[in-house]
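Marked as active site, proton acceptor by TrEMBL: 70. Summarising the annotation, TrEMBL assigns heme b binding site to 198. According to TrEMBL, the disulfide bond annotation covers 39-119, 72-77, 126-321, 205-230. What TrEMBL lists as signal peptide is 1-28.
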Ligand code: HEM
Ligand SMILES: *[C@@H]1O[C@H](CO)[C@@H](O)[C@H](O)[C@H]1NC(C)=O
């Protein structure tokens, strides 16, 4: 740059560049050492709490993983999903994909209380607690570990419309899934890797009824066995649960992809990933190669955690995760 000479113009130019760099919100970065001084036990505390929540109920690991996805896909990873509706506020919690479906809110409240005690005050954001809990859940259930940079802050807003429009639905076709993930910056391959989260957890009859009674790209023995606990009549047994991955619903692995290649995907949106379309080869790869799946899943999770976080002085660190 034309700044080789020792002029005052040069000094001002340098100062200007430094100030723009410091103040620009887009340059704000999450970092694993963000709480190194203010709450050094953050990762230990969350890991221990997630472990005991999963020991109480194995499914909780899946629920916390899903909460992270549903938080990050709506206005970024900002804990918007945790805000309770009030008389004057309507948030994401009661949006269609979340209402009576996303779970684990008490676990997050409990972790927040423990962290505030361990760190001598409200230091760690609810958004970071969700992100760390998702990773720890994956690890606790036998999946890969990956780093969770932190320093997110909590939103003072939430968007029900955003939740209803950005979160994928169980009857979506492949082109819709590809485009919804592409809207958030993910490739089709990353979308398939992230869908591998369905290696754990449960779904309600109401989300797979149509598939097990009317679809033809389904293993017939599998359909019959799922019908036993999910009556065809709309409104009967709607909340009955079935594992998204029948083989090992509490063990994180690549069985989900093997199930898809055998036409044993539970949701319509699962089986479309392997139904003669452009993502078949990715499903085949993951079904044969757990290491590649683990690597791709980890990288995509880190990427998800970077979806427009609030940093610096944006938003706040909530004291109660349910209220701003
Ligand atoms: C590709 C589009 C996706 C669709 C259409 C979808 C849809 C669903 C549906 C309908 C359920 C069952 C909800 C219920 O019955 O209440 C579910 C459960 C679940 N989803 Fe997804 N999902 C998708 C992607 C993801 C991603 C990217 C993740 C995480 C990275 C994820 C994690 C989970 C988990 C872990 C569960 C089980 C939760 C529990 O047992 O509490 N899903 N999903
Ligand atoms: C959410 O679920 C509750 C309880 O089932 C129900 O009363 C309420 O109407 C639902 N809210 C929305 C917005 O669908």
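The backbone N, Cα and C atoms fix where each Cβ goes, and this holds for glycine too.
Any TrEMBL annotation is an automated prediction that lacks curation.
Feature map: TrEMBL annotations on the structure.
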{"residue": "39", "record": "disulfide bond", "Cβ contacts under 8 Å, 6 or more apart": "115, 118, 119, 123, 124"}
{"residue": "70", "record": "active site, proton acceptor", "Cβ contacts under 8 Å, 6 or more apart": "81, 92, 97, 98, 102, 163, 167"}
{"residue": "72", "record": "disulfide bond", "Cβ contacts under 8 Å, 6 or more apart": "304, 305, 307"}
{"residue": "77", "record": "disulfide bond", "Cβ contacts under 8 Å, 6 or more apart": "68, 71, 127, 130, 131, 152, 304, 305, 306, 307, 308, 309"}
{"residue": "126", "record": "disulfide bond", "Cβ contacts under 8 Å, 6 or more apart": "79, 82, 108, 112, 154, 317, 318, 321"}
{"residue": "198", "record": "heme b binding site", "Cβ contacts under 8 Å, 6 or more apart": "244, 245, 256, 266, 267, 270"}
{"residue": "205", "record": "disulfide bond", "Cβ contacts under 8 Å, 6 or more apart": "229, 230, 231, 237, 238, 239, 240, 241, 242"}
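Around residue 119 (disulfide bond), taking its Cβ as the centre, 17 other Cβ atoms fall within 10 Å, counting all chains. DSSP assigns residue 72 (disulfide bond) to a helix in the three-state reduction.
In the shown protein chains, 22 other C-beta atoms lie within 10 A of the C-beta of residue 230 (disulfide bond). Cβ neighbour count for residue 321 (disulfide bond): 23 (other Cβ atoms within 10 Å of its Cβ, all protein chains included). DSSP assigns residue 77 (disulfide bond) to coil in the three-state reduction, outside any helix or strand.
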